[in-house]
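*Asks:* Provided herewith is a single structure, encoded as structure tokens, for subsequent inquiry.
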Amino acid sequence: MKSPLRVAVTGAAGQIGYSLLFRIASGAMFGPDQPVILQLLEAPIEKAIKALEGVAMELDDCAFPLLKGIVQTSDASVGFKDANWCLLIGAKPRGPGMERADLLKDNGKIFIAQGQVIDAVAAADARVAVVGNPANTNCMIAASQAKRLPAERFTAMVRLDQNRAQTQLAKKTGVDLTAVQDIFIYGNHSPTMFPAFAHAKINGQSAPAVIKDDAWLQGPFCEIVGKRGAAIIAARGASSAASAANALVDHVRSLVTPGAVHSVAVKSEGRYGFDANVWAGMPVRTTTPGSYEVITGYEMDAFAQSKIAATNKELVDERAFVADMIS
Ligand SMILES: NC(=O)C1=CN([C@@H]2O[C@H](COP(=O)(O)OP(=O)(O)OC[C@H]3O[C@@H](n4cnc5c(N)ncnc54)[C@H](O)[C@@H]3O)[C@@H](O)[C@H]2O)C=CC1
Ligand SMILES: O=C([O-])CC(=O)C(=O)O
């Protein structure tokens with residue numbers, strides 16, 4: 001029997017938390033032979049703490065064989081203590097008419113404080129995955145506070161965007177979802193993100209060659225994927241939760257599976273035209289569990305370069321907006 005992984009989850013009593021925790025405890029994230037201890041962190045608000053108690057009761061009632069303990073706390077130094085994975089979800093979601101960047105000043109403060117505590121108390125091998133929006137820049141903010149943990153350990157989630165793009169390409173061509181491969185997301189988790197369709201494959205063939213509709217790929221396809229979060233808010237009256245939790249399962253599962261190729265927002269070192277030190281979505285290949293290398297070989301045509309320039313500009317602007325917070 002492997003020793004349990006400590007998995008810290010912030011915003012554990014929120015919408016995404018409620019869809020996520022049961023899947024972690026059932027083995028979907030770390031595998032069917034990997035026990036876990038869930039360290040659940042909530043804001044120090046009575047309603048949230050009470051709701052968390054209920055969630056923990058439900059986790060108990062599932063009698064998950066892999067769940068070896070539950071910690072409930074509103075103290076970050078308890079929640080992140082010795083954590084191997086820190087899943088940073090807890091943050092304010094946007095409402096109708098807002099962009100994710102509108103959350104920056106409020107949510108940014110959370111990630112400064114949590115970055116500091118994670119760096120101080122999490123396990124030596126700790127990995128951090130940021131979901132709370134605006135996820136890329138919040139991830140940069142948290143990483144900016146770390147002195148012990150390397151910046152590469154901090155990733156932000158663009159996997160929901162990859163999953164959305166994969167489904168749209170499958171629907172357009174009427175193929176099974178699994179026939180669509182190598183669709184990767186570049187840049188910000190925002191409407192400026194770029195799903196790089198030119199490198200995607202459908203049944204092993206170039207996606208644009210199969211679809212034969214560049215106007216759709218450059219226009220409606222990018223728009224549907226980029227604005228899917230807003231479409232869900234408009235339809236549901238609340239931001240996506242089950243699909244976001246599912247994407248986080250995929251994000252972490254791929255990061256612990258050597259050989260997996262997937263989209264992750266990572267610290268830029270200037271590849272693909274992104275400014276150094278913004279966190280930008282790009283394709284990675286997992287090397288050893290929790291570690292990855294960026295796939296650097298894709299050629300970008302003029303359209304792709306213009307899309308990357310736009311999403312890079314937004315990331316640079318967001319970084320400038322919080323510069324006083326992180327300096
Ligand atoms: N990156 C992505 O693809 C996606 C990101 N999101 C983002 O995820 C975040 C969470 O969304 P939901 O679960 O729907 O929101 P929610 O409002 O249902 O839950 C958020 C929870 O976080 C808690 N919280 C707030 N501050 C906290 C702190 N400092 N420490 C610990 N917990 C704290 C709240 O009490 C609440 O229970 C939002 O920022 C949302 O925009 C949502 C969908 C997709
Ligand atoms: O759109 C939102 O605010 C929630 C989110 O990030 C998404 O669904 O992609």
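Glycine residues also receive a Cβ, built from the backbone N, Cα and C atoms like all the rest.
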*Asks:* Kindly point out which candidate in Asn133, Asn203, Asn246 is recorded by TrEMBL as part of the substrate site with Arg94, Arg100, Arg164.
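*Replies:* The record-listed residue among the candidates is Asn133.
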*Asks:* Report the candidate from Gln114, Gln116 that shares the NAD(+) site with Gly11, Ala12, Ala13, Gly14, Gln15, Ile16, Gly17, Asn107, Val131, Gly132, Asn133, as recorded in TrEMBL.
*Replies:* Gln114
*Asks:* Along the domain 'Lactate/malate dehydrogenase C-terminal' (159-318), what average pLDDT does this model show?
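*Replies:* The answer is 98, the mean pLDDT of the model over that range.
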*Asks:* Please state whether DSSP places Gln15 (NAD(+) binding site) in a helix, a strand or coil.
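*Replies:* In the DSSP reduction, Gln15 (NAD(+) binding site) maps to helix.
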*Asks:* Going by Cα-Cα distance, which of the binding-site residues (Ala13, Gly17, Arg94, Arg100, Arg164) sits nearest to His189 (active site, proton acceptor)?
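*Replies:* Minimum Cα distance from His189 (active site, proton acceptor) across Ala13, Gly17, Arg94, Arg100, Arg164 lands on Arg100.
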*Asks:* Cα of Gly11 (NAD(+) binding site) to Cα of Asn133 (substrate binding site): how many Å, rounded?
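*Replies:* Just about 12 Å between their Cα atoms.
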